Structures are given as C-alpha cells and as structure tokens.
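J.: So TrEMBL lists these for the protein:
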COMPBIAS  16-28  compositional bias 'Polar residues'
REGION    1-28  region 'Disordered'
REPEAT    246-279  repeat 'NHL'
C-alpha cells in the first residue's frame, strides 16, 4: 500500500478531524490540546509490518506493531484495579522463575515491550515480555546465590540499560554498580564500574549515557559520566540533613533528559522530592517540588517516597511507599492527588509498599509492588 504523507494524514478544521484515511482504524480522535489520542494503525503488507505514529502532531513514526497515540495531561486517568503481569496475584513470594521475592527496580524496553525487574530477595535480574506475559521469566543477571563475585548479585536494587543495550545494576549490599553486556544471562560475568554506599535506584541519560545512582548511606546521588570513571556527586553529599543542599536516606532518582533537563530525587527521610538543574554538584541547592511537610497521608504530604517519573508537561508521579499510593503532582503545585492505590493489601486496587513506577508505550502505569511480590499494571483510561 502507499502511505499518505504526514501532512495528509488528517484534514482538520477548528472543530477537529473532518476526514481520515481509509486504512486507519476507527479509534482516533483529537483532544483539546490538538494531540492525536488512542489507537492509529496502518497495515503495510508489502513490508510485513504494522506502522503506528507516536503522535500525529509530531509526525513521528515507530514500527512497534501496535502503538497508542496519547500524550499524558493533568486530566489523564488510570483504572483503579490492576492486572498482575508478573509474580503472584495473591502476594506470595518465591524463587521459581514464575515468582518474585521483593521486586524493587524496573526498566522498560519500549521497542520490544519487555520489562526487566530487579528481584531483590532472589539476587537476580529477570526479563519477560509484556506482549504475551510468560509463565516463566528469563534470568539475565545473577541467580547464582547472594554474593559480590563477578557472576553474582547480593541485593540488586536499581537497574538501567544504556543506549547500546548494556545492563547496569546497583547492588545495595555490595555497595557498587556493575555492568553486564547486552544479551547477558545467569552465567555472564559483570564489570564493576564504581562504588556507591547502599546503592539504590538508577537513572540513565540516554543522550549521554551518564548514569545517576542513589547512595542511601552517603545521602547523595552519584553520576558516572558516560557510564564509567570515578563518580562525581550530582546532589547531596553534605551529610544527613534537611537543608537545600542535603539529603536524608534518598531512594529514587530520575534524570529527565527529554523535557525539563533536570535531576529529581526522592528524599525518603525528609519526605520530599527534590529537583536539581542539569550539571548539579554537591554545592547545588535543590528545590522542593513535592512534599516536605513532614510524614503523613495528607494531599501535601508524602511518607517514604520511593521513586519518581516526570511527564511531558513537567507533572510528577511519585510512588508514596508507606501510604501505598501513587501521587500525581502538577508542576508548581503545593499538593498532589492519588491516581491509584491508597490502601494496603493484596486486592487488585491495593498496594503494599510501591517501589519503582514506569509507563509502558501505551502509557499504562507499571508498579513494582514490593511486599506483594508482584508487578501491577494499571491501564490508562483517559488521556
């Protein structure tokens, strides 16, 4: 078939879309922000593929099989009940390849629609497809008992993958960050790239391969420039405290290289989220962008914030551990709203200490439900 050019995909007037190409499906609308939303799919039998634009507005194409065209906004909503995509729906832990034992860090492979999970209690890294979730996952690192030797992990916490497909693991108990080559398995040896006391979650700038890792015991965030060399302090590192240049037991880190070009840190012991400009050091003063009003369950409070995401408009999404909820804080807001969770338990609308959160390519919310030993997916219901 012949594809229309990008400018010919839709003719629009002020009221919205007035004509659509015959080969697209019917689930296509324009929202008030002039963004294309929902599913837009073209078949390309000559090349044995299905093509979907990530946004009509941006005129960008991806070859993903199926893609949802949606831009998150302050009005986006998610189902209040989740689907367990891996682990035990009932919250049971285990060491088989169908179970988890305290999942913490996650990395989402958008191109292949795969999820990589740090299986903390089993000292291994697992990988599985979200397209057709298998009954068994594949071990891609560790799984040889707890230890700090080259083919072992002890307490894997944070994970990330760089632009060349190399896997990085922050090992909390080994106080180090290690690297595995792409296509690694349980027999593959790692390379130590550097030390970080009580290493927590990882965030990688895919444009530069700079690696940011939380050091819980050092009350700091370290940066490995280009993924190697001696780490430099990117935030904190000035002792345990609540000053603007201090952190207290930080856990989560997120470098937003797409939209705000800023570093975000979940400052667990201070019950707040801090924001730092690009190029920050231990001398940089951060800005409180969420919480900071003591531990609690109020709309303006957090209690053990674990991880954070930032969307295209600068809105924050925070895993609020002890409150068993995921909070959304609009940019410059003084309080947040609960988008899912809020009650401890094993039911599909409950969480038990949410850790890392991610969005998949359909903007469904993925949650590492730590003490329920499962990965939950809350489907997007409105953009």
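Cβ coordinates are placed from backbone N, Cα and C, and glycine is handled just like the others.
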J.: At a C-beta cut-off of under 8 Å, are there same-chain residues at least 6 beyond the repeat 'NHL' (246-279) that contact it? List them, or none.
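T.: Those are 158, 200-208, 210, 212-216, 219-221, 234-236, 238-240, 286-296, 301-314, 316, 318-319, 321, 329, 356, in sequence order.
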J.: Within the repeat 'NHL' (246-279), how many residues are helix, strand or coil going by DSSP?
T.: 3 helix, 18 strand, 13 coil
J.: When the pLDDT values for the repeat 'NHL' (246-279) are averaged, what is the result?
T.: 98
